[in-house]
Amino acid sequence: MTLLLLGAVLLVAQPQLVPSHPAAPGPGLKQQGLLRKVIILPEDTGEGAATNGSTQQLPQTIIIGVRKGGTRALLEMLSLHPDVAAAENEVHFFDWEEHYSQGLGWYLTQMPFSSPHQLTVEKTPAYFTSPKVPERIHSMNPTIRLLLILRDPSERVLSDYTQVLYNHLQKHKPYPPIEDLLMRDGRLNVDYKALNRSLYHAHMLNWLRFFPLGHIHIVDGDRFIRDPFPEIQKVERFLKLSPQINASNFYFNKTKGFYCLRDSGKDRCLHESKGRAHPQVDPKLLDKLHEYFREPNKKFFKLVGRTFDWH
């Protein structure tokens, strides 16, 4: 009976097929010319339910970004809360066609088993900068709570470059110096993807076409690095979670140079790939980066009604 009910729920919640560049939503959009398909979970598979009564639930909260903004740290720290069940991996359901085409039934199988009172959370930082994702998430759940962690756009660019650089080095592949990617004919290379990902104003406009600002909580990633506890408290309040995480759950690791977690007497830190040192960059190039982001940052501050301590 539970599985039959689940099939009915998924029929209602099945995401709609949308174009890569969706039009603004209007009256009757959800009813006009949409292809739906029934998702049935066979009774003999046990998919979506466990013998202990826990089930796999579609997420009620998604960490949508930003890449190299601190999404993994946010998820790990939020997972300290007993009422949170987090998906371990980046699911890439709403931005990868090979996943999205498989429907909500597939998406559900990527979620952790959880108790009815728990909040299921997944994080895929690429969602924030993907034009098609906001409408797709809205089609699944228009009242979903979204988390967005942002840091200084210039610092985020350097972190973005550093990650790709290390990925190439691990595969023994060459990768150009950051100056070669950032500069072209004496000017900033605005076609460099890492720059585009830091234009928060442009991406946020797309999300606000489908969700009110009150449904998107912005975590200050720079403050989160310096002192995570106050930012986590704000997230708890936004998600209407009881205050269970406390300052004793965090300690500063001098060797690593960032905060680690303490849970039930056990200490653990993020993967060694987190918190890598950035390459040395010419101060003049940094000045160009700061100047490039100055006006977009002002527009973003006005859009969201708050300011951040960015260059």
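In case you wondered, yes, glycine gets a Cβ from its N, Cα and C as well.
Source: prediction; values computed, not measured.
Here Swiss-Prot flags K68, G69, G70, T71, R72, R151, S159, Y259, K274, G275, R276, A277, H278 as 3'-phosphoadenylyl sulfate binding site, drawing on similarity to another entry. Using a 10 Å Cβ-Cβ cutoff, G70 (3'-phosphoadenylyl sulfate binding site) registers 27 neighbours. In the three-state DSSP assignment, the secondary structure recorded for G70 (3'-phosphoadenylyl sulfate binding site) is coil.
Taken from Swiss-Prot, the feature disulfide bond applies to C260-C269. The DSSP secondary structure for C260 (disulfide bond) is strand. Taking the Cβ of C260 (disulfide bond) as reference, residues of its chain lying under 8 Å away and at least six apart in sequence are, in sequence order, F250, Y251, F252, N253, D267, R268, C269, L270.
What Swiss-Prot records for N52 (among others) is N-linked glycosylation site, and it gives sequence analysis as the kind of evidence. Just so you know, the Cβ of N52 (N-linked glycosylation site) picks up 8 other Cβ atoms within 10 Å once every protein chain is counted.
Residues or ranges marked as N-linked glycosylation site by Swiss-Prot: N196 (among others). Every protein chain considered, the tally of other Cβ atoms within 10 Å of the Cβ of N196 (N-linked glycosylation site) stands at 13. Following the DSSP three-state reduction, the secondary structure of N196 (N-linked glycosylation site) is helix.
The Cβ of N246 (N-linked glycosylation site) has F229 as same-chain neighbours under 8 Å, each 6 or more residues away in sequence. What Swiss-Prot records for N246 (among others) is N-linked glycosylation site, and it gives sequence analysis as the kind of evidence.
Sequence annotations record features per position, and here Swiss-Prot assigns N-linked glycosylation site to N253 (among others).
Annotation source Swiss-Prot lists signal peptide at 1-20.
When the binding-site residues K68, R72, H278 are compared by the number of other C-beta atoms lying within 10 angstroms of their own C-beta, H278 comes out lowest. For the recorded site, S159 (3'-phosphoadenylyl sulfate binding site), the DSSP three-state label reads helix.
The Cβ neighbour count for N253 (N-linked glycosylation site), using a 10 Å radius over every protein chain in view, is 13.
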